[in-house]
Amino acid sequence: MTSTPLSNSLPPTQHATWRDYLALTKPKVISLLLWTTVTAMFMAARGWPGDTFWSGLWLLIVVSVAGYMSAGSAGVFNMIIDRDIDLKMTRTAGRPTSSGLISSRNAAIFGTTLQVLSFVMLWVWGTPLAAWMSLAGFVFYVVIYTQWLKRTTWHNIVIGGAAGCFPPLVGWAAVTGDLNLFAGYLFAIIFFWTPVHFWALALMIKEEYREVGIPMLPVVHGDHMTVAQIGLYAIYTVVLSLMPVYFGAVSWIYFVSGALLGAWLLWLSYKLYRHVASGQPAERKVAVPLYLYSMLYLALLFLAGAIDRAVLS
């Protein structure tokens, strides 16, 4: 890892505030992760995740706070490792680590503290399995994705994206103390959804990735293969998302919601593919709708699952 050049560092008189440390945790990214965690808790409990209102509320607070700290810790270490390339990308140049506002040492102390507190909270007030699932997600994101795959292969998102699949397992394990087939489906849905979401983003900022040498799919194999892969993974996502209905884990509320949400995901993926197949470049304006909708798709799909299992349990 290279250090930040002196010319890009902030004046020594400028001190980091709590907002700068909050920015290290990537709060905007974490919001969707926490949503899948919380909705998974309702799915696992088939309703309110507690024997009483207060016990359920306490568990929701513990898992949400601990989940934020664990995911935030992963974001901190991601910024430490990637500070050299973050400085060269417009989207990330202002991050506290790449700008020199927060040193790598202080960031590492902050990130480690968050992770330790998260693990202890989940172990004591959740379940040991929830604590281990949270730690596994952290290790996968920081070590497997950021440290190993991100700079070496265009499969980085396919494999490394599994880190984002752990939050629903954390929520499920916090409620039940174990994992079952339906929890595995939640993991798999996010696994196949991730390339759709992040390759749409990669199309939008591919030139920045190219400049810093990150082998994202559109950089390595071009727009046409990227949109084809997006379409393929969109199909996988929609088909897999509807399979729990067949096994009786959910019923018509989830099925209708999943089918409608999935149909629009497939349509936007097809529109993007058709645009590129016609010989036009995958410009930002044609990738943005899919990128934004993919987040809404996942959020509403998990909400539908929580409502279905609560109402029709």
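Each residue, glycine too, has its Cβ placed from N, Cα and C.
Swiss-Prot has this to say about the protein:
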TRANSMEM  29-49  transmembrane segment
TRANSMEM  57-77  transmembrane segment
TRANSMEM  101-123  transmembrane segment
TRANSMEM  124-144  transmembrane segment
TRANSMEM  157-177  transmembrane segment
TRANSMEM  185-205  transmembrane segment
TRANSMEM  225-245  transmembrane segment
TRANSMEM  247-267  transmembrane segment
TRANSMEM  287-307  transmembrane segment
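For the transmembrane segment (225-245), the list of distant contacts is 182, 185, 188-189, 192-193, 195-196, 199-200, 202-203, 217-218, 251, 254-255, 258-259, 262-263, 265-266, 269-270, 272-273, 275-277, 282, 290, 301, 305: same-chain residues at least six beyond its ends, Cβ to Cβ under 8 Å. Counting Cβ pairs closer than 8 Å and at least 6 residues apart in sequence, the transmembrane segment (287-307) and the transmembrane segment (124-144) reach fewer than three and form no contact. Proximity of distant same-chain residues to the transmembrane segment (124-144), defined by a Cβ-Cβ separation under 8 Å and at least 6 residues beyond the stretch ends, is recorded for 58-59, 62-63, 66-67, 70-71, 73-74, 77-78, 81, 115, 118, 159-160, 162-167, 169-171, 173-174, 177-179.
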